[in-house]
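**Q** Shown below is the structure under consideration.
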Amino acid sequence: MRTIMIADDEKLVRVGLQSIVNWEQHGYEIIGAYKNGEEAWEAVQERCPDILLTDIRMPRMDGISLIAQLKKYYPHVHVVILSSYEDFEYTRKAIQLNVRDYLIKHELEADELMRVLNALNYPAMEREEAPVSLMLQEKQKLLFLTRQSGHEIWRNEVLLANEIPLMFHRFGTVAGDRHVFYWLSFRELAAAGNGSEQESKALSVLLEETLERFHACLVGFEAGTYLGFIRMTDLPLAAAKQEAGKIVEEVQRTAKDSLNTELICGLSKGFHQFTSLPAGRKEAANVLESNDSQTKAVFWNEDLPELRSFSETEWIGLYHQVKNMLGNEQFDQLVLWIRLQFQSVLTEVNLQEAARFAQMIAQKLIDLLMEKYQVDLIRQNKDFPEVNEQLKQLQHPGSNNELLQILIQVLQAGQAVIGEQKEKKRWIMKTYAFIEANYRQPLRLEQVARHVSLSENYFSQRFHQETGSSFSDYLMTYRIEKAKELFLDDRLSTEEIADRVGYANPNYFIRVFKKITGITVSEYRRK
């Protein structure tokens, strides 16, 4: 049975595609439907489909980027574009990426869909090609999993062996004290190369071939860094470290000689279990991030400075700074300040403390949204799925740089939510201002509704939802509060005060005053 994955930001399209035909009767299985390219890409790394039906214009990662990733890492996947008429230029670009066909999604018929899918060619995979393709899939999965150090798979070798069987058989089945692993992270020097796709591909191939000679593995490429690990056998730690250094130097020499590319490398400390790869990845990333020098080719975990925790005084100072800027909604200043902290004090503390700092800022943002705008990011997670995913990522960051990027995304999302809430409440602020300016005059609901461009019924409903009282009750209470202020001046008579707050009939004003305050005008003046 062929597997199909769907990527489209329109819910109706996703639902419609899943229900347009009886898929199993036609020999197909829908294994997932995702609302953007980023979600689909992560799902592909978990389970690669035979066919991808994808929209082109999507948030976070568009269809073109998703197709390019598939072409690079999973070239066997058939891609069919779900197109709109206005997407012609994008569709043309997608066709250049060797997509199989395209469909006009809003005119899609079941017969046409099945015609396209059934016409796809599934050549029998060459026997020797299958392990290579599967190994590539496992490497992508390993990249994904090593970003999640808290995943249960790293506490259970059986689960890990089931998830990446080829890699586990090759590197992990005999893990123990006789073996030493090193995670390594390579990065090109800033001045080297122009970063073209061809150069990156050539460097990937060279790194993979060179590492393979030493029973090492290039896992993949992320955020400008080539990632992999080395396994040493039957060597004590000191000797293993020396050999690992030689391997890295050989890789660097080969890259320089073959591609005129200079590399720097960060290595973790040695560890004995294959299940320690996530910790090794974090260490190697921290090594590279903590060393700005361009004069040293290899950085070891031992080169890192002694990292500490925040002092109580530091923490209190940071807390109050965040509280003040968020309280005043100074998001631009806050982001700039956070960047400065990551360049200064946060280079001195360990990753757990940096994560605590980021989580504190996120919590203050959550508090602000809840207290001031009645928006609960956590309980309303269906409304803010991306933000909730980012909040989870703050719990287990891979590096300071990753932590900074996620935190900024959370703050930007929070700022956007506040902007939306302010826009929603603009009408009520306009209402309050109109009442304040005109409460001395006869004032009717229809006047105010017309002023804020709402129908009378809709204005009445929304006003009650916003304030908890009817418009007439609110206006009466507002006028009586203004009258109480005027009663502080003994020179003003009750009739004068009634007129100043919008009541032409002083007797009616007296009745309203008692209704609102519970006491008569005379009793209030005696107080």
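From the backbone N, Cα and C atoms, a Cβ is placed for every residue, glycine too.
From TrEMBL, for reference:
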{"type": "DOMAIN", "residues": "3-120", "note": "domain 'Response regulatory'"}
{"type": "DOMAIN", "residues": "429-527", "note": "domain 'HTH araC/xylS-type'"}
{"type": "MOD_RES", "residues": "D55", "note": "4-aspartylphosphate"}
**Q** Near D55 (4-aspartylphosphate), how many other Cβ atoms are within 10 Å of its Cβ?
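**A** Its Cβ shell of radius 10 Å holds 26 other Cβ atoms.
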**Q** Tell me whether D55 (4-aspartylphosphate) sits in a helix, a strand or coil according to DSSP.
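**A** The three-state answer is strand.
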**Q** Counting by DSSP, what is the helix, strand and coil composition of the domain 'Response regulatory' (3-120)?
**A** 57 helix, 27 strand, 34 coil
**Q** Counting by DSSP secondary structure, give me helix, strand and coil numbers for the domain 'HTH araC/xylS-type' (429-527).
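**A** Split by secondary structure, the domain 'HTH araC/xylS-type' (429-527) comes out as 70 helix, 0 strand, 29 coil.
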